[in-house]
Structures are given as C-alpha cells and as structure tokens.
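According to Swiss-Prot, the protein has these features:
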- Gly331, Pro332, Asn333, Thr334, Gly335, Gly336, Lys337, Thr338: ATP binding site (BINDING)
- 707-782: domain 'Smr' (DOMAIN)
Amino acid sequence: MNERVLRVLDFKSVTEMLKGQAETALGKERAKITKPLSSLDKINMLQDETDEAAKIIRLNQAIPLGGITDIRASVKRSSIGGILSTDECLDVANTLYGSRNVKNTIENMEELDIPILKELVEHITPIRELEQAIKSCIDDHGHIMDGASSQLRSIRSSIRTLESRIREKLENYTRSNSKMLSDAIITIRNDRYVLPVKQEYRGAIGGIVHDQSASGQTLFMEPKAVVDINNSLHESKSKEQLEIERILKDLSNQVASYEQDLLENVKVLTNIDFIYARGKLAQAMKASRPKMNDEGYMKMQQARHPMIPIDEVVANDIEFGREYTSIVITGPNTGGKTVTLKLVGLCTLMAQSGLQVPALDGCEMPVFDEVFADIGDEQSIEQNLSTFSSHMTNIVDIMKKITDRSLVLFDELGSGTDPQEGAALAMAILDEVISKQARVIATTHYPELKAYGYNREQVVNASVEFNVETLKPTYRLLIGVPGRSNAFDISTRLGLERATIERAKSLIGVDSKSVENMIASLEKSHLEAEQDYEQAHDVLLESEKLRNALEHEWNLFEQKKEKLYKKAEEKAEKAIQKAREEAETIVSEMRQMKDSAGLKEHEWIEARKMLDEAKPNLTKNGNQKQVDPKPVEDRQLQPGDEIKLLTVNQMGEVLERVSDKEYLVQVGIMKVKVKRKDLELIRKPKKKQVDPVTTIKGSNYHVSTELDLRGERYEDAILRLEKYVDDVLLAGYPKASIIHGKGTGALRKGVQEFVGRHPRIKGARPGESGEGGSGVTVIQLG
C-alpha cells in the first residue's frame, strides 16, 4: 500500500489508537508499524486473530500481560559474553513469569473457541529453572541477596561485623571528645568512616584527613584507631563486589544458554499483545468483523468515521461494487462529503490491516491491491503549485497505476479551474477510471456531474443531506439522490426579500430548474421510503419480540420437563442408595471373612459383579426404563415362589413375607426388601434349600490401576479418591497410581494428606520418570 494514501487518510491516527491499546513496549512497537495487506488469505487470518481476542473481551475475560518487557538486547548481549545488570536479569525473570502466566491463562480458557491463540502459546517455553535461579539471587528491588551464594553471605557477615566495630569505636570518640567535634555524628568520606573534627583539634584527634568543609573549619578525619578496621572493611567490600560480578556472570551465562527459547517467547508475546490490542480497539470502537471478499464489493451499515467520537459521529450506510462500481457525491462545499470519502478509505485500510471496522455486524469489505486518494491541497504550498496543478499532478500519477483491484477516492474532482472545463475534465477522468474496472468514489460541487450519474449504468449519484431549517448539514449520506445547492432556501431562511428570490429563479435556465425540481422530488421520495422502511423495521422487531417470548415459554417448558426427569432420577438413585447402605454392614463382614476365613477371590468378585448388575438402569433423560408392572395379590406369593423384580427386570425368589405390603426376596446373591407392587409371580417351583448369601456394596468389576484426578475440583477429587481406594482394596490390588498433575500443588497436597491418614494404605511415593514424575503418587495397599 502506497505511503501517500496512508498519510492523506491519516491512517497513523488509527495506529496510534491501536498502540494505546497495547500493554507492553513490544506490542506498542508492533502496533506502530501496522500496514494494510493485499492477500485475502492473510487478511482473513488476521481477522480470525482479532475475532478471538474480541471474543475473550466480550466474555469478560482477559490476557495478563503485566511484567513483560523487551529483553531481546539483553539476551543477545549475554550470548556474546556480556554481563547483565541486576535490573536486566530481573527483566528476564519477570518476562519468563509473564510468559508462563499468559500460556496458562489461555490454555485454561477451555470453554472458548480460540484455536489460533491456543496454538500460539504452544510455542512459549516456560523456563522455570532460569526464572527461579534469578529470583533466588536478586530481590524485587534489583539487589543481590545474601543467599545468592555462601561466599557472599560470609563476606557480608564480615562487613557487618567490621562496620559494627568501627561505629562502636567512633561512638566512643563522639561521647568522650564531643567538644573537639563540629557535630556528634559519624559520616562517610571516600568509602571510609570519619568524624567531623574542628580545625583547631586536628592534632589532638590524630588520624587521616579525607575531606574538609567549604569554610575549612571542619575536617573529616579517620582516627588512627579505626584505620586498620576501615582497611579491612574496604577489602571485604572489594571481595563483595567481585562475588556479585561472579554471580551476575553466572546468571548471564544461564540466560545465554536459553537464547533461542527466550527470543521465541518474546516473539510470541509480541504477537499476542498485538492481537489483544486489536480486540480491545474493536471493543472501544464498537466495531464488528468484516467479511472480506476479492470481488470489489463493499457493504457497511451504520458505518462511523473511526476518528470522530462515537457520541458525535453520524453513521451512514454505504454499499457499492456490484450493481454500480462508482459513487459520485454532489452538493455544496462544507456538506460533509470529504468525511464520507475518508470514512470509506479508512475503513478499507483498517479491514486490510486485520482491524474490525466501526459498523454494524454483517459488513462486507473488499480487498484492494492499492488505494489511491486525491484529497486536499497538501502539495500545492510545498511545490509552489496552484490548487488545480497540484490535484492534476497527483491524478496523472494515479491514472498510470490503477487496476481492476484499485479503490480511487477523488475529492472535489476538477476543481480549481473554469467550472465548465473542470466538470468536463472530471467526467472524462471518471470514464477512464471506470473503464479500468476500478472502484471509485468522487465528490464534486459541479451540477453537470449530477446528470453524469444518470447516464452511466455503473455510476450512482449520492449527496449529503442538508437541513434547511437549521442551515446545517446533517452528514447523512443519501445514495441515489444527487445534491442540490439549497441557495434559494437558505437565502429565504436568512431573510432575503421574496421578490429577489423569484427574480434569481427567473434568471437560471429551464434545464437547471427541472433538475433542481427533480432532485427535490427524489429527496421527498427517499424520505418517504425511509419512513416506510422504519415502519416495516418496527413490525419486524415486534415479530422478533413475539418469537423470543414464545421461545422463552418453550424453554421454561423444557426446563420443567427436565426437572421432572431429574426428580425421577433422584428417586431411583435414592432407592439404589438405600440398597447400598443396607449392604454396607455386610461389606464390612465380608472384609473380615476375607481376612480371617479365607473367602475365595473369585467368589468375592462375583458377588460384587452381581450387585452392580442389580442397579436400576437409567436412560440418558434421567427417567427409569419403562416396565409393564403386573401387581400380584398377597395369596399369590409364598416363600419359594419364583418372581421377577420389576424395577430392575431381574429374576429372584421370595424368602419371606415381612408385612402386608413388603416381602424379603433374593435376587442373585442379594437379599432385599421389596414392595408388593414391584413383584410379578413367574411360577411356583419345587421347594429347595436356599443357601445363605451376603450382599456387598457394588463397584465396577474391572477396576483400573490408575485414577486420573486432573481438572477435578478439590472436594470432588477427594470423594472420588476415597471411593477408588475402597474399590482397589476390594479388588485386592497391591498398588495403584493417583494422577493429580503438577499444577499449583493444591490437589497433590490433598492427595498426599488423604494417603497419609488412610489406615489401609501402607505407603506412597512420587511416580518415577516413566510413571509421570511428580504429577503422580503411587500408593502401596495392605
């Protein structure tokens, strides 16, 4: 895209707004050099990125970009052996933390469909070891900490001891020789502790003079008693500086070893901040994503000039590129024609830069190889040209470059010369541009061009509405209606005599009168059409409102139905839970039998399987499967009768009558109390001895040796873990693995606390490298 059009349309103002939305220096730098592209695929990719950022903002979420700085120069300097300062090292650590934070935040936005951003953060490499190495040596204020090395800790301990000894001796001087001192304080000169001694007591104190006051009355002396200690202190501070340099050298070498990863992280973070800034700008402008095309078709509803405040700007509908490829906006000067011209140009540049445009949803924007604009008189002064020559020089250059993939914007085409010649020249230029199949919008105040729009199929007239009552333009664009001067109406409103107005009208040609009357009629028809449209729009809104109300009622019905299903499911689950609770005591007995009486393992597992098979089968809607209940009379049921338990569709046998409405029946190995209405008599077999059975609390027959708790809430995870440990104990496994992930460590800590207090868990250890490392805890069962 040519630089001149970016300057003429003031595209820099847009990039400055974008720069203001970026949060890092890296993002601001990238925003500043934003340029329009001409590849449809690349533009669509940019629009996809912007749309993902806008989606995050719409859902009140955010990407945290705090603490991220431009560390590229520091990283490159470390790679050639340079020693970084403490602040530079701290910037590296903070940027590493910021990159890790950005990566985790975007990866955890599981409910959002943001594939581009999620793919981007896959290229961020967290370097915890380097981050921690720097943070363990340098505090948040950029100071090397004592714990940076054992040597530094020892040196600083020695320094503190020596400083204490020096202060103690000098404080003795201040107490015993206060009359010899200008002030009873201890100060420092040339990195040596000294006392402010009066000139006349120089010999009495004795020592080395390091400085004197401006008047010469006070000497800053180092008493002989502290010279040796000061020497030792100076030596220790030199050692301290050498050790600090060694530590910084070591940290710089570590930074250099991760050069490629760090530079890649910075590159990704820059792009993410740039994308996020585009999303925030879209929100600030109340913009929407344009559907891009390479057909030269533009359609914007309620489009707004991006540089005019939202509460002041007038929105307009603009569409061209199919039925007509050119728009000629006619009418008087100062009517807002140039604003419309720049609006189209700026929105085009924004869309091709991956920015959303300030218009309603559903807008469509074409992709142009070039946008050309002849607006204003920017060349005339600096090149000492007339207005006409300035415009024509630029137009000649444009005419040489335009193609069928160009957008051309002419402001006051043909102005600055004789009106008749200027109008003819304007029409000839438009014919040439249209013949090259370029898209063009031109503004003019020449009345001759009004007829031009009617005589060309590919051209449509337009005007900017003028309010005769207020004598001000409304800035509303009227497509299909050419502009008129309104001179007579304005003069009448301003008080010009009626006779003078009529005399003026009589002096203009018949053709001009006809054209003006036609335009007035068109304006009236256009206004009536708009009113009809608004009425139809109101009816449509009312219909949509009614439809929404019906949808709401339907949703309420669906919710009520779902609640009924849930109640049925809860009722069924309560029945299951009751049976399980009755089995709990027997489970305990069977555990004792297994430990003491040697219950066979296959019998134990078979019993558990049978109990699970007895669980009522629920459909996905939450209600029980339908059965055909056939209640039987009391006289039909006797101990030993073969029956069907209707609630679970299982065969069983009556053991005894508990009450008028309840029986004890055996289903498989399970004995349960069942209401009479839930039983169906099958037949009365021969009497047989019923072996005693035991019920147990069921679990799935196949119990996995691993339990994956990643992504679970803490409370839910512990409940699942408790049940799982019971299951693997019942299955007789010697060990099992609990997968909790590394994360923040909260879940891992909870798992370890549970394992530590469980009486049947003999021990636990972290997983080995092949087992998942610290993200897994392996438990030993007994």
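From the backbone N, Cα and C atoms, a Cβ is placed for every residue, glycine too.
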**OP:** Take the Cβ of Gly331 (ATP binding site) and count every other Cβ within 10 Å, whichever protein chain it belongs to.
**Re:** 28
Subject >> the domain 'Smr' (707-782): DSSP-derived helix, strand, coil residue counts >> reply: 33 helix, 19 strand, 24 coil
Original post:
Do any residues at least six apart in sequence from Gly336 (ATP binding site), in the same chain, have a Cβ closer than 8 Å to its Cβ, and if so which, in order?
Top reply: Val314, Val464, Pro473, Tyr475
Subject >> Most Cβ neighbours inside 10 Å, all chains, among the binding-site residues Lys337, Thr338 >> reply: Lys337
